[in-house]
């Protein structure tokens with residue numbers, strides 16, 4: 001779910017997803033093309049690919065449960081789609097801290 005994804009990003013980076021990540025690099029936000037600009041943009045690319053594989057799921061609106069303990073995200077119980085969407089969303093842990101302000105609103 002997009003609101004849960006925003007919450008995960010804020011918990012991990014301290015940044016709100018909309019102003020900081022919605023228009024970052026080539027792949028963060030809606031759509032994307034070209035070569036990812038850095039590890040943060042690559043994470044967004046991987047996230048898009050992960051969602052793309054879940055063709056029978058409502059990736060942007062499936063509500064899932066997760067917990068955050070000692071810096072680790074654990075996806076909770078739910079339907080197969082809910083668990084898979086959570087797994088896609090938690091990929092952000094790896095690279096979002098490499099954020100560079102120069103790639104905000106990148107064209």
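Any Cβ shown, glycine's included, is placed from N, Cα and C.
As annotated by Swiss-Prot, active site applies to 47 (among others). Under the DSSP three-state reduction, residue 47 (active site) is assigned to helix.
According to Swiss-Prot, the active site annotation covers 89 (among others). Residue 89 (active site) counts 25 other C-beta atoms within 10 Å of its own C-beta, drawing on all protein chains shown.
Same-chain residues at least 6 positions away in sequence with a Cβ under 8 Å from that of residue 48 (Ca(2+) binding site) are, in sequence order, 27, 32. The Ca(2+) binding site feature in Swiss-Prot is assigned to 27, 29, 31, 48; the stated evidence is similarity to another entry.
Annotated disulfide bond per Swiss-Prot: 28-44 (among others), in sequence order. Of all Cβ atoms in the protein chains displayed, 26 besides its own lie within 10 Å of the Cβ of residue 28 (disulfide bond). In the three-state DSSP scheme, residue 28 (disulfide bond) is classed as coil.
Residues or ranges marked as disulfide bond by Swiss-Prot: 43-91 (among others).
Cβ neighbours of residue 88 (disulfide bond) (same chain, under 8 Å, six or more residues apart in sequence): 47, 50, 51, 54, 59. Under the heading disulfide bond, Swiss-Prot lists 50-88 (among others), citing similarity to another entry as support.
According to DSSP, residue 57 (disulfide bond) is assigned to coil rather than to any helix or strand. Residues annotated as disulfide bond in Swiss-Prot, with similarity to another entry given as evidence: 57-81 (among others).
Sequence-distant neighbours of residue 86 (disulfide bond) (same chain, 6+ apart, CB under 8 A from its CB) are 4, 64, 65, 66, 75, 76, 78. The feature disulfide bond is assigned by Swiss-Prot to 75-86 (among others).
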Sparsest-packed of the listed binding-site residues (29, 31) - C-beta count within 10 angstroms: 31
Inter-residue Cα distance where the pair is residue 31 (Ca(2+) binding site) and residue 43 (disulfide bond), in Å: 14
Nearest recorded site to residue 57 (disulfide bond) by CA-CA distance, among recorded positions 28, 31, 44, 89: 89
Packing count at residue 47 (active site) (other Cβ atoms within 10 Å of its Cβ): 20
Rounded to the nearest Å - Cα separation of residue 44 (disulfide bond) and residue 31 (Ca(2+) binding site): 10
